[in-house]
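Engineer: Following this message is one structure expressed as structure tokens.
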Amino acid sequence: MDPMITGLGVVALMGAAATIAGAAEDLESDVGSQSNPNSQVQLAPQMGHLHRIINKAVSGEPVAYGTWCGIAGSVAYVLMQSMQLPVIMAIAVGAVIAAMVHTTYAVTSHMGRIVSQSQFNQPLFMDMLVQHLGPIAGHGFIVTFCIVGLSYLMTLPIPGFAHPFPLPLLAVLWGITIGAIGSSTGDVHYGAEREYQQYPFGGGIPVAIHGDITTKAELGARNSMDVVHFCAKYGGPLTGFAFGAIVFLSFWNTIVFGITGGIISGLIIVLLLIILNNRLEVFARNRYGPYKEDE
């Protein structure tokens with residue numbers, strides 16, 4: 001088979017895995033209030049808003065997912081090298097162990113944050129905590145499985161791949177990357193839209209309203225399940241598309257045009273994306289802008 005066709009097939013598989021991982025990563029951070037909006041949840045009791053929202057951020061998303069993916073990649077690497085376990089099984093076992101560590105940190109982090117707010121009469125809802133551990137662990141498993149699988153594909157002895165870095169290191173680097181993408185792409189669809197629905201859309205989140213979050217849902221008190229359900233419609237898929245496009249475009253041009261041609265085509269793609277992003281933002285601001293009351 002033509003090496004270029006094989007390489008493009010691997011790149012397509014990597015792009016698909018990256019798309020799934022990106023969507024799951026954003027939704028996991030939404031259900032657990034990790035990344036920028038978590039500070040707003042933490043400030044809510046001080047603003048007089050007692051809530052039933054998970055607040056588990058032990059760190060920023062890049063550091064957290066670098067850790068989870070590094071754990072999964074290291075376990076998978078050891079199982080493949082020492083026990084000759086099949087690739088899929090080794091990656092799955094690594095992702096399970098990473099999900100267990102992830103869940104442990106989620107519990108301790110949430111409890112620690114909530115207890116620190118007890119002076120503002122914020123209670124610890126155990127039922128809410130237990131109900132949200134499944135989505136946190138499940139989304140985290142999907143992310144680590146896809147990222148470690150993507151990293152493994154980079155090590156295959158195929159022209160354009162055969163990366164010299166070992167699997168655990170690649171998993172850490174891609175974990176940091178997906179954490180950064182999820183933090184920068186998906187945040188606005190949680191913090192600005194769902195958490196501050198009582199404020200006009202398009203006006204940003206000034207410091208004066210930090211912590212003044214929405215605590216009532218369509219029926220009853222709002223919880224993180226409501227948030228992740230909302231974000232699954234747009235924020236999650238958009239984050240997955242962004243990360244999948246980054247992975248695909250990063251490898252596709254090198255496979256097709258070679259190293260020098262890939263660098264040139266990559267610069268052209270980046271320039272086109274900058275122009276497209278500017279035109280899209282200007283159009284959106286001019287067309288929609290902030291919400292205005294009827295006169």
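Every residue, even glycine, has its Cβ placed from backbone N, Cα and C.
Quick paste from Swiss-Prot:
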- 4-24: transmembrane segment (TRANSMEM)
- 60-80: transmembrane segment (TRANSMEM)
- 87-107: transmembrane segment (TRANSMEM)
- 140-160: transmembrane segment (TRANSMEM)
- 161-181: transmembrane segment (TRANSMEM)
- 234-254: transmembrane segment (TRANSMEM)
- 255-275: transmembrane segment (TRANSMEM)
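Set these features in their place in the structure for me.
Structural biologist: Nonlocal intrachain contacts for the transmembrane segment (60-80), taken as residues 6+ away from its ends with a CB within less than 8 angstroms of a stretch CB, comprise 25, 29, 34-35, 87, 89-91, 93-95, 97-99, 101-102, 140, 143-145, 147-148, 151-152, 166-180, 182-183.
Distant neighbours of the transmembrane segment (161-181): 7, 10, 18, 21-22, 25, 60-70, 72-74, 76-77, 80, 143-144, 147-148, 150-155, 239, 242-243, 246; these residues of the same chain sit at least 6 beyond its ends, with a Cβ under 8 Å from one of its Cβ atoms.
Nonlocal intrachain contacts for the transmembrane segment (234-254), taken as residues 6+ away from its ends with a CB within less than 8 angstroms of a stretch CB, comprise 8, 11-12, 14-16, 18-27, 30, 150, 160, 177-178, 181-182, 185-186, 188-190, 261-262, 265-266, 269.
Packing against the transmembrane segment (255-275) from elsewhere in the chain are residues 4, 7-8, 11, 160, 249: each is 6 or more residues past its ends and has a CB under 8 Å from a CB in it.
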